[in-house]
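Below is one structure, written out as structure tokens, with a few remarks after it.
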Amino acid sequence: MSLSKKQSDPIADDFEMNLAEQPVPEEGESKDKEQTRDSWGGKAEFLFSCLSYAVGLGNVWRFPYLCYKNGGGAFLLPFICMLVTVGIPLLYMETCFGQYSATGPITVWKASPLFTGIGWSMIIITFCGSIYYNMLIAWTMFYFWQSISSVTGDLPWTTCSSSWNTGDCVHIRTLSERNRCRRQGGFFAFALNHSCLLPNNASWVMESSDGAMRPFPGNDTPDGTALSTFYDEAATLNSTNTSLLHNFLGSVPAPKTSSDEYFHNFVLSISNGFHEMGLPKWELVLCLLASWIVVILCLIRGVKSAGKAVYFTGLFPYLVLTILLIRGLTLEGSSKGLEYFFIPNWDRLADAKVWGDAAMQVFFSLASGWGGIIALSSYNKFHNNALLDSLLVSLGDGATSIYAGMTVFCVLGYMSHVMSVPIDEVAKDGAGLAFILYPDIVTSMPVSPLWAALFFGMLLTLGFGTMIANVNTLVTSVCDNWSRHLSIGKRPFIVLCAICLLAFVCGLPCTTRGGMFVLQLLDNYSCTYSVLVVGFLELVVITWVYGADNFLDNIEEMNPFIRKSRTFWKIVWQFFSPLVLISVAIFTFTSIKPSKYGLYEFPPSADIAGWVISMLVVMPMPGVAIYKVVTLKGNMSLKQKIHSLMLPHRSWGREMGKKVRRRSRVGNEDMNGDGLPFETSQQPLTSSVLQSVSGVSNNGANIGASTDSRFLRILRGGGVNA
């Protein structure tokens, strides 16, 4: 039975009654409190906003490590394949979805109101991600301040004699000489002035004044004892009693560099686990507060001020990366690092984990399923070339990852040379690269405060570029969903301040002594497994429920040239991309391991709490669907209610978020340009029903000649050809 037959359609009957009851503004009525939607100042602002959003901290400290871990240059092939087959299609789909409707990630689901919970899950993911992401920025801000404060002196993490240092602290140069000594078959004696005990009376020691290794005159220690004598004793102990050898040499069982102890013992004051959370550290609280204030200032005028800020956050990182790359290429050992990065290990291509890691990196780097691209593209002009923008952003993100990898592996090669160890013992990912390894590297460079300030300044701009887009997504979603009350006057700014204040308060646990463990838990659970679920359902609903043909009709209305590639995009969106996401999800869930940080394994209760967080993130999807079915008015069966809520809402259509809103004198309703209410939510209809039943067009929506997707025709019971 077709929905176009008026006499048998209770949904259409109810809609006619609702239309009759709606107040229609009188001719010449004044338009008080008109509110139009902001838009980007130009195409460049949108591109830089998307690039700043996609290119973040993960491009600098996550991608290079994954590339090294998965076979160097061999990882680039699956990465590029996943970027083309998954990254670009998903980004293009979200760009078109937001641009066509001109509304945020919650309101956009008027395309199929039953699944509005997907939008709510998106903003919860973005909110949780913003909490810990801004904490990373706060740490970076702390290091940046220490770097610029030390221009005339030494960086605070260069010494092992500070109050926060322990007996395990070893200068990076000391570790280097220990490794060199061992390669030469000697014994490195911490207890003998950091001496290297070698055979044949060829011993040398480290002088504490400058850290350089030099032989003593006559190869004797200051008290006149020949170092070769100590070597003979050490060799004897080595063959008889290892524990006595360690005591004799003064071995440090678990040596830590000065930058390691600075980060963990001073910056974090890290505890032994969740059972010792402690109080917030005031320095980190101030840095976190400052980070949120910067975000507010960048968004004080909405997309107008954000569009100007992204010129800096989008361009400055490339300037610094270029400077660091040029400097890195001049360092000894940099070519060795580039070899590890680019020379492929082709055997790794047969490993499914390599392909899984590549898909995960592409998916999370482009932030698919977070709602940010939908929000950013909602401020585009209607006929903007969404395909070109998607290609530029996706390829730009991938190229930036490779460019950052070159920079990082230049300095890793240098570090390998300095420490006299293979690169596989130097490479780190995540916070270990940014706050431990790189500070170690700059301490061995001339004018180290300058290079530290440049590096952490780059991280700051990368972080703020992403945070501006994240918070803009939250503000856009809230204001669009309650546009009648929150999109007027200064209220969007109040919403911005309220969101930032709430996120700041929620981030305070990350400033405590156990804050690193909280951050790791949020990172592991709030924005990993749930994002895959949201991304998969987003694909399914748009292409199977709303209908790929209907969606492509909408895109063709914006960009007519897409007509020639409709079949390609339909196959990719309906079949290929969902299958890839299912494969990635299976790979992710089968590789789950208990959470840990360093040597500390999280208690089972912490992982349980993490899974609760993951469940809370995805709960809006079934929760909102149930709520909408229960509250839907009309004398309909459960099946009819579900079916009607899968159809587009009557206000869904072209640029629905840009319609001028005005107050009606009758009923004080929010009205659009056609005299229809924006927020009447009970009877979603397709354009064909509106035209055949009431003679009212759906605000210019081009949903296609056959408005039902194949899925909905089967659900209705009429068969595929109904």
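Just so it is clear, glycine is given a Cβ too, placed from its N, Cα and C backbone atoms.
TrEMBL names the disulfide partner of CYS169 among CYS160, CYS181 as CYS160. The transmembrane segment (568-588) makes contact with the transmembrane segment (75-93), as judged by at least three Cβ pairs under 8 Å among residues 6 or more apart in sequence. Below 8 A, the CB atoms of the transmembrane segment (528-547) and the transmembrane segment (608-630) form 3+ pairs separated by six or more positions in the chain. Within the same chain, the transmembrane segment (358-379) stays apart from the transmembrane segment (493-516): fewer than three Cβ pairs sit under 8 Å, each pair at least 6 residues apart. Between the transmembrane segment (608-630) and the listed ranges 75-93, 114-145, 282-300, 450-472, 493-516, the one holding the most Cβ pairs under 8 Å is 114-145. Sequence-distant neighbours of CYS169 (disulfide bond) (same chain, six or more apart, CB under 8 Å from its CB) are CYS160, PRO255, LYS256, THR257, SER258, GLU261, listed in sequence order. Residues 44-45, 48-49, 51-52, 55, 298, 400, 403-404, 406-407, 410-411, 414, 451, 454-455, 457-458, 461-462, 464-465, 468 of the same chain lie 6+ residues outside the transmembrane segment (309-329) yet bring a C-beta within less than 8 angstroms of a C-beta in it. Between the transmembrane segment (493-516) and the transmembrane segment (114-145) there are 3 or more Cβ pairs closer than 8 Å, counting only residues 6 or more apart in sequence, so the two stretches are in contact.
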